Structure formats: C-alpha cells, structure tokens
Amino acid sequence: MNECHYDKRMDFFYNRSNTDTADEWTGTKLVIVLCVGTFFCLFIFFSNSLVIAAVITNRKFHFPFYYLLANLAAADFFAGIAYVFLMFNTGPVSKTLTVNRWLLRQGLLDTSLTASLANLLVIAVERHMSIMRMRIHSNLTKKRVTLLILLVWAIAIFMGAVPTLGWNCLCNISACSSLAPIYSRSYLIFWTVSNLLAFFIMVVVYVRIYMYVKRKTNVLSPHTSGSISRRRAPMKLMKTVMTVLGAFVVCWTPGLVVLLLDGLNCKQCNVQHVKRWFLLLALLNSVMNPIIYSYKDEDMYNTMRKMICCAPHDSNAERHPSRIPSTIHSRSDTGSQYLEDSISQGQVCNKSSS
C-alpha cells in the first residue's frame, strides 16, 4: 500500500521533483517582481471593474453578449485575485507552504483560467445563435444568461477543486509532475488537452461565424440601404470577439503546452526555465482584455471615460462618430433585425436586377 504525505511541507515535494522555486529571488530582484506584479494586478482590478460597471450602468449594453462580456471581465478580476495570492506565496515561500495552501494557490489559478475559457465558449454559442439567425444580438432572456453565468462558475470551481478532491500524487509520489509537484502527470495531461481542445473548438466556431458574416456583408453591401457603419456592424462585433479570443489563445497556449510536456514527463524540454515567462504572459491577458473592449467599442470607451472623470452618463445623448463604431443599437432601432432586413432587401434587388 502506498504511503500518503498529506502532512508534509512543500519542500519535501519540491526536493523530490528538483523543482526550481526561485530561491535566488531575494532583495532587489524580489522587490522589482512584486512591484511590477502589484501594478499589473491593480490595473486588472481597476479596468475590469470599469467594464462591469459600464455594462450595468449603460442601457446600450443590456444585451446577452455584453452580460457575458462582463462575466469575462469578472473572470479576469478573479484572475487578479489569484495572481496576488500567488505573488505572496511563491519563490522562497513556496517550500514553506502546507499541502492545502499550495492546492489553494493553484486552484485559484485553475479556476480563473477555466472561468475565462468556459465564458468564451458560452459567448461562442451566443454569437452562433445570433449570427446564424441573421441577428446582431441573440434572444436569450436574462434568466437564461444568468443560468449560463452560474454554470460557467460552477464548472470553473469544480475544475479548480479536482486535485484537492483526490486527483493528485500525494499517495503516489512517483506520478508527481515537475512544475506542479503534487499534481499527477495524468491530471496535467487531462487538464491541458481538454483546454487545448476547447481552444481549437472555439477557433473553428469563431472562424466559421466570421467567414459567414464576412460573406453576407460583402454580398449585401451593394444592395442594402443605410449607412456603411450599420451595414458593417455585425463584422465589427465579430472582430472584437475574435481579438479577445486571439489574445486569450496567444497568452495561454504556450503555458498549456509546457504543462503538457511536463505531464508527458519530457526530460529534455527544460520546462523549468520558461515557466515564469509564460505565467507572466498569462497575466498580461487579463491586462489586455479591458483595453481591447474600450478600443474596439466607442460606447464602451466613452462610458468608461465618463466613470473615470466622474461625469454623469446620459444614455439619451447623441453618439459621436467613432473610430470603430459601436455595434449596439437601441431596441426601437433595427439593430436586432438588421441582418434579416438586409437579406430581404438584397433578395429584392437581386430579383429586380435579374
């Protein structure tokens, strides 16, 4: 029968796996790392709070897509909490942690990643429902959106707790990984493969939607009335989503590949030398998202700017021309029916020309 090591400190597992815990991070180097990390985390808290507040206060954002976008910002906010906890429980401190505290540290990171990933999957479903039905926004009710958000967090919390629930190597030391010394290599393989598979599915779905919208926009543009900005609104919304997805994949894929190599017990891969850089890259994803939201949507930018300047928000104010016009229209406008009406007009024009 295998001996279990629940009562050991983490130095026992780090020493067995020869894991680098950055003992050299002392003095000036440690202060610089903590200062830079603190700055990024404060920005994550501030900017993602603005995104959530903007969706709540501005009625132009009261659509399923933007509720889910706010939930993605909440996942980034949670990631900031996970990174703060990591900063003060890493380096030389890592070896002094108890098993439960280390599992909490890693569980927070796993939960934040799963929440972001699951939320992007839900957004993919919402976008597919709306675009394939010729609408800018889906007809999901607030109740259904709320249930989807709760489902996202339930899945995220469960996935973050799986190692704590038993899928670890505390009773089978020979199965321990190197980067995560009390995670089983089998769990790392499962976790990374499932995430990479989800990445692939999302990319396929979004590329399919993007190509569909682009094709429809190109076909309908010569035959439809209305401003160019309104005709291109669906494409602009998809570009925002694709930019967020692209940033997520670029920031997280390298780290997941390294974890997969560790799970496969690759001895020649030198995974220890790159782990901190890929963790920093993952941190930058939560920094980038609010910047993407505000840059790609003028209404989001204006709402966030007014909140920063403590200016009153007038939801009835006339919008100014934007560098990239917002994709949101009022409910009394043709926003939700725009694509459907455009197709009808295009068909009429085609018949007339024939």
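Including glycine, each Cβ sits where the backbone N, Cα and C put it.
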Look through Asn15, Asn139 and state which residue has the annotation N-linked glycosylation site in Swiss-Prot.
Asn15
N-linked glycosylation site: annotated position in Swiss-Prot, out of Asn172, Asn350:
Asn172
Please verify against Swiss-Prot: do Lys143 and Gly263 share a side of the membrane?
no
What is the number of other Cβ atoms found within 10 Å of the Cβ of Asn172 (N-linked glycosylation site)?
14
Cβ pairs under 8 Å between the transmembrane segment (102-124) and the transmembrane segment (241-261), at least three:
yes
Inter-residue Cα distance where the pair is Asn15 (N-linked glycosylation site) and Cys309 (S-palmitoyl cysteine), in Å:
52
Within the same chain, where does the topological domain 'Extracellular' (168-186) have neighbours whose Cβ lies under 8 angstroms from its own Cβ atoms, ignoring anything closer than 6 residues to its ends? I mean 6 or more beyond.
2-6, 10, 13-14, 16-19, 99, 102-103, 106, 258-259, 262-265, 271-272, 275
Verify whether three or more Cβ pairs under 8 angstroms connect the transmembrane segment (277-295) with the transmembrane segment (32-52), leaving out any pair fewer than 6 apart in sequence.
yes
